[in-house]
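Step one of this worksheet: look at the structure below.
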Amino acid sequence: MSLSKVKHIVLVLSGKGGVGKSSVTTQLALSLSLAGHSVGVLDVDLTGPSIPRMFAIEDAKVTQAPGGWLPITVHEADASAGIGSLRVMSLGFLLPRRGDAVVWRGPKKTAMVRQFLNDVFWEETDYLLIDTPPGTSDEHISLAETLLQKARPDQLAGAVVVTTPQAVATADVRKELNFCAKTGIRVLGVVENMCGFVCPNCSECTNIFMSGGGEVMANDFGVLFLGRVPIDPQFLVLIETGKRPRYPKGTSVNGQDISTPANAAHEDHEPRDSALLVRKYQDCSLAPIFAKITTDVISAVRQANVG
Ligand SMILES: Nc1ncnc2c1ncn2[C@@H]1O[C@H](COP(=O)(O)OP(=O)(O)OP(=O)(O)O)[C@@H](O)[C@H]1O
Ligand code: SF4
């Protein structure tokens, strides 16, 4: 059984598309593996699988083994460096043209998710993060129910719900929280993404849209608010081009100095490669924010197991 060696399954949900669910999944996965945990990412966002691109592994080829499809390795565990393994399986690897969105009807999508849960061979994995499709349509509900049926109760830790601060997104995510309550999926917490804009010149964070909607919503539903993640244009540049994020001298986040060293210029000419991209994520202003969110997610998972 493909999930039998997985300790904790965490769903990443959002009420609507484009709020940063895949980005949050990617960053949580990295932070968890850099904290020494073995991590798997299962991308069942059939509406447009973006996880392979975020790890620069979109050209990777998935192979079959006796135990099932083998996920793609982003990095192996390195005990001396305190790093856990990170492996990814995405529907994107199986699409004929990379970047295609799936236009199948509901039953075919549901069948594919079932196959993903049955047929991917996960080795010993502390955390399996599942990037789900956005929304709360009937089809989405049946996908989540399939996930619920497949996982043992002690495995399914719960869901991290991603929202943006604007009211419309928040209304959609309220539906997602209601959906969790109805289906019995525990909510580990809410992340408010794209909250404010980090200026590339001075690194000042300005709230362009209203902020705080995610926190209000989390309080209303009595769930943990995991934190705010600002828009950092350097994050987008990093994903798209593989270039190291650049910050002026004196920039710090959560007390950590992230200003770019003067000798980093040569890195702009490095290829867009998975190992380099993963290293450069750590230079991004969002890394310390996600490290904190990850610590809180781990605590929430531990509490869920105790409770
Ligand atoms: N905090 C952020 N700062 C800058 N760019 C961001 C941030 N969060 C997400 N993005 C960018 O916004 C775009 C949408 O993000 P992402 O693909 O993670 O959203 P999603 O909710 O998974 O979308 P979909 O529903 O299409 O799968 C991506 O290009 C991503 O790089
Ligand atoms: S945030 Fe700072 S650098 Fe950016 S536009 Fe405003 S004053 Fe200028």
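Including glycine, each Cβ sits where the backbone N, Cα and C put it.
Heads up, TrEMBL stuff is auto-annotated, nobody curated it.
Going by TrEMBL, these are the annotated features:
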- Gly15, Lys16, Gly17, Gly18, Val19, Gly20, Lys21, Ser22: ATP binding site (BINDING)
- Cys199, Cys202: [4Fe-4S] cluster binding site (BINDING)
- 251-262: compositional bias 'Polar residues' (COMPBIAS)
- 248-269: region 'Disordered' (REGION)
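Here Cys199 ([4Fe-4S] cluster binding site) is positioned 23 angstrom away from Ser22 (ATP binding site), judged by their C-alpha atoms. In the three-state DSSP scheme, Cys202 ([4Fe-4S] cluster binding site) falls into the coil class.
Cβ neighbour count for Lys21 (ATP binding site) (all protein chains, 10 Å cutoff from its Cβ): 27. Residues Gly18, Gly20, Lys21, taken from the binding-site residues Gly18, Gly20, Lys21, Cys199, are distinguished by a CB atom under 6 angstroms from ligand 1. A Cβ distance below 6 Å to any atom of ligand 2 is met, among the binding-site residues Gly15, Ser22, Cys199, Cys202, by Cys199, Cys202. Contacts of Gly18 (ATP binding site) defined by a Cβ separation under 8 A and a same-chain sequence distance of 6+ are given as Pro134, in order along the sequence. The CA atom of Cys202 ([4Fe-4S] cluster binding site) is located 30 Å away from the CA atom of Gly17 (ATP binding site). Distance from the CA of Cys199 ([4Fe-4S] cluster binding site) to the CA of Gly17 (ATP binding site) is 25 Å. Under DSSP, residues within the region 'Disordered' (248-269) fall into helix, strand and coil as 8 helix, 4 strand, 10 coil.
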